[in-house]
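K.L.:
After the structure tokens below, expect a handful of questions from me.
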Amino acid sequence: MHRAPSPTAEQPPGGGDSARRTLQPRLKPSARAMALPRTLGELQLYRVLQRANLLSYYETFIQQGGDDVQQLCEAGEEEFLEIMALVGMATKPLHVRRLQKALREWATNPGLFSQPVPAVPVSSIPLFKISETAGTRKGSMSNGHGSPGEKAGSARSFSPKSPLELGEKLSPLPGGPGAGDPRIWPGRSTPESDVGAGGEEEAGSPPFSPPAGGGVPEGTGAGGLAAGGTGGGPDRLEPEMVRMVVESVERIFRSFPRGDAGEVTSLLKLNKKLARSVGHIFEMDDNDSQKEEEIRKYSIIYGRFDSKRREGKQLSLHELTINEAAAQFCMRDNTLLLRRVELFSLSRQVARESTYLSSLKGSRLHPEELGGPPLKKLKQEVGEQSHPEIQQPPPGPESYVPPYRPSLEEDSASLSGESLDGHLQAVGSCPRLTPPPADLPLALPAHGLWSRHILQQTLMDEGLRLARLVSHDRVGRLSPCVPAKPPLAEFEEGLLDRCPAPGPHPALVEGRRSSVKVEAEASRQ
């Protein structure tokens, strides 16, 4: 029976192998020359794509500014499809499914993505808020699976509730009532997000006006950031925080490629509504005082004037920081007004760094700078427990006999310096278990002092118990004390409270008496 020749048989010998060999030199150099992660966001993106076996898209994501994995998790259906189209993955639904699966794993179990990246210099990855950006992400997303007959769009779509749910759970700094509302950031500049100006929520003028030279001031305020337009204190950043944001933006901007006029023209031609809303900014002179206000108005990420934010919902510190960073970036490069994905990623990086530096500086402040009265009062309470004989001198020998407390709970709750000092003096010369007030660190925050306070009480309680056990045999022979018959469980906490000098165990004394009585009765019988 004659067989039909296979398609490879008609090719010249080695033709298929040579064709496959010609493809290899094109792929291997790109894999070898692939840029390694330089920031925390790029490292997270690298690990997610590595988990999904989609590292070929890594450079495309970086070139498009998609170095924020949380942005992919928070994206809605339309935004996610747009991102997939930007990186060239929209025509490959299987790749999209693999990416969705990796994103779900990253959101639910970030520990799976802790494998090291080869040849990554440790000093090149800024470790700002790693535990917060990589270790506490929790949320639920739809599985993205559909029947084979469904269109490709449904296969790579998240549930409609995923942006709202993840906005509450994946916010990098959940502080304040308005933390993490992803509805306000529209991803790329969509027509809905760049509608004409106006509306009820008009941005106010910045409190820190720019200098007459027209340059970007270092202390530029954030009054025009909040779209709520209240102009009050809650919608403004502190000048020190603004200074940190400006310094971080300038440091990142030194290595940031600036856009050109050709890019602006092409982007404005692609989006007519965007051109009508922000096109006039590119025609304004740099010395124009209104240019900064317009840039702040249209560079806002959270709380835009055309967003559907709940009335009365204030912006959190994290959102205000992102808005200020976005304004600073756009004032240095106006083309970022047209590339909101990249602008959002850069602003988040600045917000993480600035918040970390602010919290680090706050932890090093002295108690007087953090709110003197509460910390001083707490420090005084700790000092009273460390030196009770100085703060409260005993009036006489009666002070060495603290009043009897009937229960263990009351004794533990009212463990004061007076009762502790009385017990220690009754036992004998015992080394002090707590350092003097001069040894206490003065730069601890309130929660640190409370932790030290609780730790000292625990150590004093444990040391007191050990001191009683050690001194029991030592002082038992000197002054035996035979009080009423207390339960055995109350001995350790109540024996020294009942007698001036500790004595032998009451249960042992009573046991000896009962044994003698039993022997006497037995001998009589």
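Placement of Cβ uses the backbone N, Cα and C atoms for every residue, glycine included.
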K.L.:
Pick from Lys129, Lys169, Lys361, Lys517: which one does Swiss-Prot list as SUMO1 cross-link?
P.N.:
Lys517
K.L.:
Please compute the mean pLDDT of the model over the region 'NCD2' (267-356).
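P.N.:
It averages 82.
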K.L.:
On the DSSP side of things, how many residues of the region 'NCD2' (267-356) fall into helix, strand and coil, could you say?
P.N.:
65 helix, 0 strand, 25 coil
